[in-house]
């Protein structure tokens, strides 16, 4: 059905067609980018009047008589790697691997490459014309019969149908929500006008402190609220995806995906959990030749290596079982632990028998993994040795060569039914003293380079080692966006929400983070897309390479500067040079895409001439992989050469004097590299998408005891402070390009300033106790107008929350838990993060807070009752004690002061109880389980009793305030 010389649209995949004159339709006469008339009209209607490839305005194009034909990029097929015996452990000394094409770097430093490109292009045209002529002689065009035409029509309809749709929030829910937000702004303005014009002279210091705190809270509310102005929902159609890209009798056209799994310490991250994550990936519902799983072992632990050996062997039985019976989830530990009817929807009589056998096999697998864990508890003095007697290269985790092991793959072991399995690759990058390795971000960048050489899938899905695939169709859900030409062209990543197992029903410490994932992220999806949250995210590989979206071919100068449009003239020379090199890189990529027939010498010479190595590093193989938008590796690639090159790109000196971690890959400079990486992409003009399938795509484990949860929040807040103090701060970074929308910028500003809310929050939580103990208050006697303002403010807060719950679907309990932990984390972890961030960024002092286990419980949710004392517990504990003392002192004073003293007491006690109720989960976690109260809590109780006794004597509640001045203190010399 396909004739020679027929061109296909790069947007929708259909034939380009002809124009009114009967000639092949051409949208851009500069680069001849193949696009059909329908897609061209769609681009014009959407306001995009520039060529998707070269950026030439459509309205300014001029027709020429050049007979240049657009060359179609041949699809590349993933090369067949040798089996695991041939590509076993490699490169004892990765630094000894030769650097490719060094001899070309100096000789061809600054040539005029454009003329050579034009000559090659001319040669390419002649070769193509000869090929097309020979094809035309040998092939006779076939005319489809009527029946064949009828059979083609349904597929055309499928291609035209969208793979996903946006489901906007109903106006009956969204319009009142926006109206209340505006009304709340107006009430806030009137409220602050009243507060500023009615100072409390008798307690001016307390009044001024409260005003400063309230203004900051209002500012934080604006940053958090307005990015949620246009929330949306999305729906995917994975059946349409299959009909379009998996037609019967044809090879699957779905895009390949590389999975990244990161682990460091197998003692803290149990190998069994990592094995379950890997098994869920290998069993995913996706073509096996399109899936590759890369496990990064940044601790170079032989325990991790040995556990993957066992995992690869067990996968030969587990994967066919999962696909045969379509079970969910496909992580065996979590599948067998489900408390549901596993026979539901199962119709095959053999299922029960095979399930029982598989469970027995899995129990044996667990025994072997646990035996390995017990074996590796203590390291021998001489270090670990492998089966052949040679020492394990990673015996020193801070000084070892790079290691790569391919366990499974297209030419490796098959499953028990003889079918192929997805590729499984173990990677441990080189570590040497004196080099900065950048922790997780550096490990992820190493995986990007290794995967680009071995498989080069156009999309990357990264997971933490404790986040398994809970929905086997998760990859297809993401592909509904990435592979839809009308949606995915400008999408840098698809973010899935994080869901967790093993959390108590009441979610005492807001581990599920429902408000963030179901409210804030939906709101951002309606602006420019959700922020990247570190796991459960599918990336466009080209976006990770620092390229601009197709609709914006050249990177704006703002992405490398921190200035406003009015200050463009003040850009320094170094920033201008960096921008020029980036535009040169984009231009070179465009020209290379137009060339299909050039030899290896010309290819290497052109790459060296364009100084690609200054951006991507000294690897010609990797640089060539970055030019393949559709991924894949050359068919002629030598597996041994690929492994050698993969070892080279994970050497610790590879990233020196390159753009890795600065402009490409995961960005360095913060422990929350996820926020920074997503921010850089969206500053370049990319947008992201939030995907929430009915069955959660991924599930993980979260720390459920108080101390571990606070340390997790501390790390997140510390990363935000680091970004705030860096050049990538959203307050001033990337204004000149104008590609980051203002509401999106507000959201990013909120992610980096929220730790600073800890200062006004601590002060505001202390005010009720100070007012109760001093007899003063921050608010003067209320008039009718003031009472109405206060009432209106409280009502607007409540109504906003109710309407937010209405369109998002979160429950009242979720909202209340989020509010409680906002206070708990704000007065503890966020406070320490600010101090630690300033010490680290300004003084170079890295402060660590140790955690010591004090109690444990083996029952369900036993970890919830573990008490690990840490300095993070001091501020909230102090606030609870002070406010309880204040309440007791206030009531004792009211009892001795008569009826008139009860009126002023109500407002003070209300604010004190507001603090106590918000800190109640903290108090409950501090006490642990009954009869297991830790010693430290007893010490705090003794201190509380002593303090309370002194305050009681000082107040002397049995004496009226009027008579206190005439009495002398008998018990203590006051």
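Placement of Cβ uses the backbone N, Cα and C atoms for every residue, glycine included.
Owing to the predicted nature of the structure, the values given are computational and were not obtained by experimental measurement.
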Task = Would you mind telling me which of 114-135, 136-157, 202-223, 312-333 TrEMBL tags as transmembrane segment?
result = 202-223
Ask   = Pick from 709-727, 728-746, 785-803: which stretch is listed in TrEMBL under transmembrane segment?
value = 785-803
Message = Could you check which of the recorded positions 440, 464, 674 is the closest Cα neighbour of residue 269 (UDP-alpha-D-glucose binding site)?
response = 464
Key: Least Cβ-crowded entry, counting other Cβ within 10 Å, from the recorded positions listed as 269, 298, 464, 674   = 269
Task = Give the residue from the binding-site residues 268, 439, 440 that has the most other Cβ atoms within 10 Å of its Cβ, counting over every protein chain displayed.
result = 440
Stretch in 202-223, 753-773, 823-843 most in contact with the transmembrane segment (905-923), if contact is a CB pair under 8 A = 753-773
Task = Specify the nearest of the recorded positions 440, 464, 674 to residue 268 (UDP-alpha-D-glucose binding site), where nearness means the distance between Cα atoms.
result = 464
Remark   = Here the 10 Å Cβ neighbour count for residue 262 (UDP-alpha-D-glucose binding site) comes out at 23
Ask   = With the UDP-alpha-D-glucose site defined by 262, 268, 269, 298, 439, which remaining residues of that chain have Cβ atoms positioned within 8 Å of the Cβ centroid?
value = 263, 264, 265, 299, 440, 443, 465
Ask   = To what whole number does the mean pLDDT across the domain 'Cellulose synthase RING-type zinc finger' (6-64) round?
value = 70
Task = Grab the UDP-alpha-D-glucose binding residues from the record (262, 268, 269, 298, 439) and give me their largest CA-CA distance in Å.
result = 16
